[in-house]
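So that you can see what the record holds, here are the features copied from TrEMBL:
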BINDING   Gln107, Lys123, Thr222, Leu223, Trp224, Leu225, Glu294, Asp309  ATP binding site
BINDING   Asp142, Asp309  Mn(2+) binding site
DOMAIN    188-397  domain 'FAM20 C-terminal'
ACT_SITE  Asp289  active site
Amino acid sequence: MKLKQRVVLLAILLVIFIFTKVFLIDNLDTSAANREDQRAFHRMMASLHIELDPRLDHTLQSPWEIAAQWVVPREVYPEETPELGAVMHAMTTKKIIKADVGYKGTQLKALLILEGGQKVVFKPKRYARDYVVEGEPYAGYDRHNAEVAAFHLDRILGFRRAPLVVGRFVNLRTEIKPVATEQLLSTFMTVGNNTCFYGKCYYCRETEPACADGDIMEGSVTLWLPDVWPLQKHRHPWGRTYREGKLARWEYDESYCDAVKKTSPYDSGPRLLDIIDTAIFDYLIGNADRHHYESFQDDEGASMLILLDNAKSFGNPALDERSILAPLYQCCIIRVSTWNRLSYLKNGVLKSALKTAMSHDPISPVLSDPHLDALDQRLLSILATVKQCTDQFGPDVVLVEDRMTLSHL
């Protein structure tokens with residue numbers, strides 16, 4: 001064989017060797033990542049059941065100190081939380097030492113301070129479990145049980161971006177009124193034999209109070225994030241106009257995602273993928289009301305999109321508002337880890353997991369069966385949407401790696 005032919009042959013073999021090596025390394029990396037996703041899924045499934053137990057045997061810290069130390073830029077709580085039951089037990093049992101109106105927002109809530117100085121947001125029950133909210137997907141009062149269910153779904157999806165929520169029964173006469181501020185107290189009234197209050201908010205009306213069953217009111221309590229992590233509010237790029245006949249740009253511009261990708265903080269970092277994760281989360285719970293969102297301040301787009309205020313969810317199990325998924329089907333990208341988790345949850349696993357996760361909550365059953373069934377059906381729609389994207393653009397374009405190592409030191 002001539003020298004020139006040998007050189008060409010060696011060059012070809014070298015190229016084949018390099019491509020084979022790269023292919024094998026990529027496959028090994030992908031396989032390793034997938035195996036870690038599967039292990040994380042099994043760990044989550046094994047820890048679904050939360051006993052609300054007050055014991056903190058291995059630490060002298062208060063439950064509030066533990067929960068505050070959990071918070072990092074990309075998580076509200078870590079994957080492994082043996083103290084979670086104790087923190088949630090404290091949220092549902094600790095003495096209320098102060099009660100005030102919840103100033104911000106459009107919906108009725110109260111700000112409570114629990115023994116030890118921990119703030120929580122209390123949202124009262126307004127509907128029976130089987131009540132169906134008709135009309136627009138964002139219609140109706142806040143649903144307290146939706147906050148509880150959304151928190152557990154956040155755990156199941158592996159996002160860990162929602163503040164802790166648990167159900168609680170409070171005695172308005174003995175627990176709230178004696179420690180209420182004058183502002184809150186002035187909104188109390190009696191309707192029949194029931195104690196009621198209407199609070200202070202944009203839509204709060206004396207004619208539309210929330211009423212207890214006698215003095216006992218069912219509600220949810222959401223753990224306030226530590227003050228050392230101030231929040232920054234952002235307009236959601238796929239927010240609605242809430243005006244009849246006026247469409248937002250994303251509702252008519254098929255290339256809208258391309259424009260979003262050119263603007264900060266969506267042009268780099270994890271924020272756009274967070275938006276898509278959130279769209280999936282919101283579609284599953286039926287939340288079409290995320291017109292704004294919060295992140296931690298001065299984060300330059302690096303911190304998570306925090307899943308706050310999920311109470312406009314689980315209103316109508318028969319309504320699948322596909323427009324909630326617009327960030328997914330317009331951008332056609334999704335985290336590999338999110339895709340893997342969704343794939344593990346099909347065939348009824350999601351419904352079963354959420355039912356198990358909520359089973360020990362004080363206000364259980366948290367959701368009616370039609371809402372649980374709707375979750376599994378909506379999951380199928382999400383999987384079908386991703387398949388349409390991969391059929392059109394290929395999995396290498398659609399499935400995006402974005403794994404960030406988190407520190408809780």
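Don't overthink the numbers, they just go from 1 along the chain as shown.
Every residue, even glycine, has its Cβ placed from backbone N, Cα and C.
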Starting from the Cβ of Thr222 (ATP binding site), draw a 10 Å sphere and report how many other Cβ atoms land inside it. 25
So for Leu223 (ATP binding site), how many other CB atoms are inside 10 Å of its CB? 25
Averaging the per-residue pLDDT over the domain 'FAM20 C-terminal' (188-397), what integer do you get? 95
Record-listed ATP binders Gln107, Lys123, Thr222, Leu223, Trp224, Leu225, Glu294, Asp309 have a maximum CA to CA distance, in Å, of 19
By the 10 Å Cβ-neighbour count, the most surrounded of the binding-site residues Asp142, Glu294 is Asp142
Length of the line joining the Cα atoms of Thr222 (ATP binding site) and Asp289 (active site), in Å: 18
Neighbouring CB atoms within 10 angstroms of the CB of Gln107 (ATP binding site), all protein chains considered, total 20
